[in-house]
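Notes follow the structure.
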Amino acid sequence: MIFIDACFKKPTPYTPIWMMRQAGRYLPEYMEVRKQAGDFLSLCKDYKKASEVSLQPIDILDVDAAIIFSDILVVPLEMGMNLRFEKGEGPIFDNPISTLEDLEKLDDQNAHKKLNYVYDALKLTREKLSQNKALIGFCGSPWTIATYMIEGSGSKNYAKCKKMLYQNPELLHKILNKLTQVLKLYLEEQIKAGANAIQIFDSWASALEYDKFFEFSFNYMLEISNFIKSKYPNIPVILFPKGISGYLDRIDGNFDVFGVDWSTPLDLARDKLSHKYTLQGNMEPCRLYDKNAIKEGVEKILKTMQNKAHIFNLGHGILPDIPVENAKYFIKLVQESSAK
């Protein structure tokens, strides 16, 4: 698989490419299946439909990897938190965590066993996927998942989380540790179900100041990665902490690919990290609105990463109103322009 070869810095005939949120609302085919499912969470829990939308970007765009369709918050959901998605508001937990008692009510022993709909979707997708295409499993980072569990929803300033971080860091560490243990087992089950690679999304990494990022986020991601790499050395692990371009000098550990977001200069990440890791990224997602902007962005990134191990991706998720034609143009342009 070209994607897996690139993760391990092996030579590839061209630069492999996939897109975060590639199974998503910009595809009319996705919207049709989502309508049939009824709502977002029902789609996540219907393994046949989740598999169907995971495969759509392979069939429509010919990307080099599929990522399983799911959500990072199914983990706290199955630990016993009451999750709902409100239109225009995103995810909401009606019972956010603020005390040790709240945390102790959560089931960390059986949560990974209740996520069979994810594993079944992975199995079905891997069966249907051609052998040269990789299947990516994923989870959120403990820190990013914890922000939703503590805030009760998305947040602009993470005030409740940060209040806990400074007033009661022991409790925050207990929450993060409990999540970490569940996520290890969750990812292991994903690998057993057919995932060829794992990505850990740390979407809210940039909410933390320098030292706190390493203490409350990165160290927990590394604990998960160390667990996976010790048991499954042939499964590449991708870490994607978003918005931490100022923290790159301390990025080190046992993983394979570092995801670069669009706000980080790629040459900076290349100079600091490409001797150790394959880099993934980092096209500004809004460039996909315009074909000239796509061409300019692709040329710049390919030039920056010339002769370095690289997986092409957006610097965050594809937006819902991107024309499908532009997405197709983007994928084809990368694959053809980078052909050796």
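Note: Cβ is positioned from N, Cα and C throughout, glycine not excepted.
Remember, it's a predicted structure, so these values are computed and weren't measured experimentally.
As recorded in Swiss-Prot, the features of this protein are as follows:
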type    : residues                                       : note
BINDING : R21, Q22, A23, G24, R25, D71, Y148, S203, H316 : substrate binding site
SITE    : D71                                            : site 'Transition state stabilizer'
| How long is the line from the C-alpha of A23 (substrate binding site) to the C-alpha of D71 (site 'Transition state stabilizer'), rounded to the nearest angstrom? | 12
| note | Of the binding-site residues listed (R21, R25, H316), the greatest number of other CB atoms within 10 A surrounds the CB of H316
| said: Whole-number answer please: how many Å between the C-alpha atoms of D71 (site 'Transition state stabilizer') and H316 (substrate binding site)? | reply: 15
| field | Pairwise C-alpha maximum, in angstrom, for the residues (R21, Q22, A23, G24, R25, D71, Y148, S203, H316) that bind substrate according to the record | value | 23
| remark: Lowest 10 Å Cβ neighbour count of the recorded positions A23, D71, Y148 is held by D71
